[in-house]
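J.: Below are the structure tokens for one structure; questions will follow.
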Amino acid sequence: MSGGGACLFCQIARSSTPTHLLHTDDRVVAFQDIKPSALRHYLVIPVEHISTVKDLRRRTEDYNLVCHMLSVGQSLLHRDAPGSKEYRFGFHRPPFNSINHLHLHCLALPFSPRWKHLKYMSMGPLGFIEAEKLLEMLKP
């Protein structure tokens with residue numbers, strides 16, 4: 001699935017922007033969210049353009065990608081916010097996602113400002129889905 005030149009996250013993944021990358025490998029890149037909602041707020045995105053969680057399927061390839069995204073996010077937050085009492089990892093589902101390029105929100109709490117927690121609440125089939133819950137749905 002090609003994101004073309006218009007997708008900002010594809011440009012970041014190709015290092016075509018001045019965005020500072022916290023992690024990069026052949027499958028994913030990670031960087032700070034431009035509008036952080038917590039003490040630390042990172043995004044982990046696949047290098048390959050995948051629009052949203054709705055494009056993921058119950059198959060080994062997608063399961064392994066999300067596992068890798070989560071592992072990278074956890075490593076970064078444990079490194080950069082070791083004193084945080086709570087971490088949150090998940091994805092916004094359409095129509096609540098801001099950019100149509102899959103991205104894992106990695107949050108070291110507390111939220112800042114505190115009302116931002118509303119953006120990262122699960123609302124049944126809508127809103128935010130925790131990474132672990134998505135992995136259960138994708139497990140082959």
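Including glycine, each Cβ sits where the backbone N, Cα and C put it.
Keep in mind the model is a prediction, meaning the values are calculated, not measured.
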J.: Using TrEMBL as the reference, determine which range in 31-35, 86-90, 101-105 is annotated motif 'Histidine triad motif'.
T.: 101-105
J.: Near H105 (active site, tele-AMP-histidine intermediate), which residues of its chain come within a Cβ-Cβ distance under 8 Å, counting only those 6 or more away in sequence?
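T.: The list for H105 (active site, tele-AMP-histidine intermediate) reads D33, H41, Y42, L43, R88, F89, G90, F91, H92, Y120, F128, given in order along the sequence.
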